[in-house]
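Peer 1: Dumping what TrEMBL says about this protein:
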type     : residues : note
TRANSMEM : 57-82    : transmembrane segment
DOMAIN   : 74-375   : domain 'G-protein coupled receptors family 1 profile'
TRANSMEM : 94-113   : transmembrane segment
TRANSMEM : 133-153  : transmembrane segment
TRANSMEM : 173-198  : transmembrane segment
TRANSMEM : 221-245  : transmembrane segment
REGION   : 278-307  : region 'Disordered'
COMPBIAS : 278-294  : compositional bias 'Polar residues'
COMPBIAS : 296-307  : compositional bias 'Basic and acidic residues'
TRANSMEM : 321-342  : transmembrane segment
TRANSMEM : 354-378  : transmembrane segment
Amino acid sequence: MEHGHGPYSNHTPTSVVTLDPRDSLYRLSTAMDNGTDPTVQQVTGDVMMDWSDYVSVALKTSVMAIIILTSIGGNLLVIVSVARHPRLRVITNYFVVSLAFADMLVAIVAMTFNASKQISGKWMFGYFMCDVWNSSDVYFSTASILHLCCISVDRYYAIVKPLKYPVLVTKRLVAFLLLVTWVAPGIIAFVPIFYGWYTTDEYLTFRMEHPDDCDWVVNKMYAIVSSSISFWIPCTIMLFTYHAIFKEANRQEKQIHARISCGHQINYNREMAENQLRSNGSANGGTSSRTTLAPNDHHSTPSRDNRNIIKMKREHKAARTLGIIMGTFIVCWLPFFLWYVITTLCGETCNISSSVVAVLFWIGYFNSTLNPLIYAYFNRDFREAFKNTLQCAFCNLCRSPPSDLEALDARRPSLRYDDRTRSVYSETYLNHCDRRRSSQFGSSL
């Protein structure tokens, strides 16, 4: 996708031809008018132009190659690691694997064609492949964004509503959500583009006459509908879910601090009462009092408080990681979709440089490169799987089988963005289940 050379551009074609100041014919006529030697000026200009072009092409090629290769390698590593290690094959990791597959296809299909267009300065694959590229770009980019939205909803129920999470998030629901994330983008990608509904009749005629041109003019209706499905609606859902997650993290922090303060006050009162009893016993002739204070299991103990503090810190680490996820998503995609909607609605007066638009596209692409790092690297299980997979692939040091990951703490969920530890309320749910099983066992006796 590129302004004037790919999806989401909105300028109309023009047949006006102007002389480029770098063009040889232009320099020749200028030199003759100025009375200078045209041959010397032309050769000097050609040399300067060639060097600047070479440097520009080299820089663009290097940056694009790094982004493409990193995206393909990182997302492929996620897929292979899950396939090799059964410990990672849990329900919630289905979203991560599907996201990695979508991001890898963004790199293979969308980025590579865009890079060839940027480097060569022209479209070299014909009329039909232009439609294939444009539709694939929209399709896989939208699929990647919708996967991020699904993961945010999954994390919302896991952290904010942990009691409902095991009941609601089932294999059937996950399969349905994955189906939606792969089917919905096709509604705004392949169908409108191949049927010509995304643009005007004038531009369709222009494209038929110029099959080597891959400009893409969109109408206002398509711009509004496609941007809403691809970005604005998912972004709104993600903002709501992550805001609720941060509120829950703050609530847990206040609750634990209040519990710790209450526990300290109770312990202080117990110590004062015991000291008073000892002093009373000494005053009564040295006889020891048999009165004791029974411990109250309903109040927190130091060890339980320490566990709660650790859980709270882990929850806040997860919340901070979710903030990085949300911030990265907005930074990468918001500038592009703002440009897309604004330039489409206001027309030619809002057009900006094609170089700036190309940068906006590649910033959006870069989100597919960052997703493997954000969603997988912060997971301890994934880090171990990555290390094992890379050792087997590049160093022939696969001395430990994938089953070694099974020795990890089986009670730690796999899809938490920090160490994937349980929520305080997930622990409450587990304790509730344990008490219910114990009561049922007692009643059966």
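Including glycine, each Cβ sits where the backbone N, Cα and C put it.
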Peer 1: Honestly, do the transmembrane segment (133-153) and the transmembrane segment (321-342) touch, with at least three Cβ pairs under 8 Å and pairs 6 or more apart in sequence?
Peer 2: yes
Peer 1: Short question: which residues 6 or more past the ends of the transmembrane segment (173-198) have a Cβ under 8 Å from it?
Peer 2: 91-92, 94-95, 98, 102, 131, 134-136, 138-140, 142-143, 146-147, 150, 153, 204, 216, 218-219, 222, 225-226, 229-230
Peer 1: As a test: from 57-82, 94-113, 321-342, 354-378, pick the stretch that has the greatest number of Cβ pairs under 8 Å with the transmembrane segment (221-245).
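Peer 2: Top-ranked stretch among 57-82, 94-113, 321-342, 354-378: 321-342.
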Peer 1: Would you kindly list the residues that approach the transmembrane segment (94-113) from elsewhere in its chain, counting only those six or more residues past its ends and only Cβ-Cβ distances under 8 Å?
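Peer 2: Non-local partners: 1, 64, 67-68, 71-72, 74-76, 78-79, 82, 125, 133, 136-137, 140-141, 143-144, 147-148, 150-151, 154, 174, 177-178, 181-182, 365, 368-369, 371-372, 375-376, 415.
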Peer 1: Are there residues at least six beyond either end of the transmembrane segment (354-378) with Cβ under 8 Å to its Cβ atoms? List them, or say none.
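Peer 2: Here the qualifying positions are 1-6, 9, 63-64, 67, 70-71, 74-75, 77-78, 81, 96, 99-100, 102-104, 106-107, 110-111, 114, 118, 141, 144, 148, 151, 321, 324-325, 328-329, 331-333, 335-336, 339, 386, 417-418.
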Peer 1: Looking only at residues six or more beyond either end of the transmembrane segment (57-82), which have a C-beta under 8 A from one in the stretch?
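Peer 2: Beyond its ends, the transmembrane segment (57-82) has Cβ neighbours at 88-89, 93, 96-97, 100-101, 103-104, 106-108, 111-112, 114-115, 118-119, 362, 365-366, 368-369, 371-373, 375-376, 382, 385-386, 388-390.
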Peer 1: Over the domain 'G-protein coupled receptors family 1 profile' (74-375), what is the model's average pLDDT?
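Peer 2: Over the domain 'G-protein coupled receptors family 1 profile' (74-375), the predicted model scores a mean pLDDT of 82.
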